[in-house]
Amino acid sequence: MGYLVGILYCFLWYTSILAGYSCLYCPILPVLLVSNKLYRYWTDIIFTFWQAYPTVLLHLLCNCEIEVTGDAIRSGEMSILIMNHRTRTDWNFLWPALFHSTGGISKFQHSTKFLLKDAIRHVPGPGWVMQLTSSIFIKRCWHMDKIIFEKFCYYVSMISYKCSILIFPEGTDFTEETKKKSDSYAIKNNLQKYEYLLHPRTRGFAFIASKLLEKNCLDAIYDLTLIYPDIIPQNEKLLLEGNFPKQVKIHIVRYPTSVLSKSQEELSRFLEDRWMEKKNPQKYYTTQNFLPGPKLRKGSNFLLLFAFIFWTLLPSLTIFLLIFNSIFRQILFIHTILLIIVSFFTPGFQYVEVFMYDIKKYFLEPGKLDR
């Protein structure tokens with residue numbers, strides 16, 4: 001039964017992404033020619049609506065409860081989310097947490113951008129969608145990543161864009177091998193060893209935060225602590241086998257910009273301090289069996305039901321259109337070929353999006369193009 005649940009979850013999850021790419025993202029590409037902000041608006045609505053799908057799948061199919069406590073993530077803000085990276089599968093449980101914890105009048109258009117390894121953008125379906133939603137792909141080469149970060153910060157400031165940026169400062173998931181490397185780093189630098197965490201890498205976070213602060217774009221930083229009380233789904237194989245945790249706990253603490261410094265050195269220290277404090281929720285849950293703060297949960301089951309029906313049926317509609325609609329086939333073919341070419345010959349579609357903005361700015365508002 002476990003294998004059946006795991007295979008069905010992965011199948012529904014993956015086909016919903018492929019169908020969303022085909023039926024929703026491909027047709028709206030021409031909007032980018034008209035308005036970058038409108039294109040961001042529509043792609044964000046699609047992505048935030050999709051987040052409801054893994055939320056309901058985990059609950060109904062996998063019997064997994066996601067409990068979020070602490071401070072709600074405010075839509076309409078530009079924010080950075082920092083979170084410990086316990087397993088390779090954290091994404092599956094983060095999406096429901098974002099669905100439940102994001103509040104405000106613009107919550108259904110407040111998207112989260114992920115800081116990802118560059119290779120992920122080439123994965124058919126998920127990688128393509130992440131490009132189209134303007135996630136950040138890093139090459140782990142600082143002089144190249146610095147340019148990527150600068151371009152992203154420039155773009156969001158120029159279009160007055162509000163979103164959240166998720167960063168895993170540890171850089172990799174928590175395993176026995178990575179724990180040994182983290183402990184060696186701690187010994188070498190006379191730092192405390194962590195029991196449940198890896199020492200964070202501070203440079204990328206500090207650079208992005210300082211750039212956004214300089215441009216008066218950053219409103220808050222949210223510290224997310226992820227805990228698996230029972231089963232720890234370390235990799236995708238475990239999920240495919242149906243080994244889902246029964247509970248996942250995520251605790252959120254908000255830090256407004258009023259407590260932040262623009263100095264990269266001070267921001268690095270801020271991140272290190274958060275990791276020192278992050279062990280407290282872990283130990284608190286171990287002893288008290290719950291986390292402090294209010295529970296964050298969206299009350300509308302109608303939206304979850306609608307998302308379940310919509311995203312489950314969308315792959316069937318996609319197949320129908322592929323078979324019977326030649327215009328749809330042409331749009332999908334042209335968009336996909338274009339995206340593959342862009343992926344291989346540029347740092348990603350997000351660069352094309354910024355380029356389109358610069359071109360329109362240059363011709364429509366000469367003299368206002370400012371780096």
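One is the number of the first residue shown, and numbering goes on along the chain from there.
Here the Cβ of each residue, glycine as well, is placed from N, Cα and C on the backbone.
Marked as transmembrane segment by TrEMBL: 6-33, 302-324, 330-352. Residues or ranges marked as domain 'Phospholipid/glycerol acyltransferase' by TrEMBL: 79-206.
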Close approaches to the transmembrane segment (6-33) from elsewhere in its chain (Cβ under 8 angstroms; 6 or more beyond its ends): 39, 42-43, 46, 50, 53-54, 57-58, 61-62, 92, 124-126, 128-129, 132, 236, 239-244, 311-312, 314-315, 317-318, 321-322, 331-332, 335-336, 353, 356
For the domain 'Phospholipid/glycerol acyltransferase' (79-206), mean pLDDT (0 to 100): 95
Secondary structure content of the domain 'Phospholipid/glycerol acyltransferase' (79-206), with strand meaning DSSP E or B: 58 helix, 20 strand, 50 coil
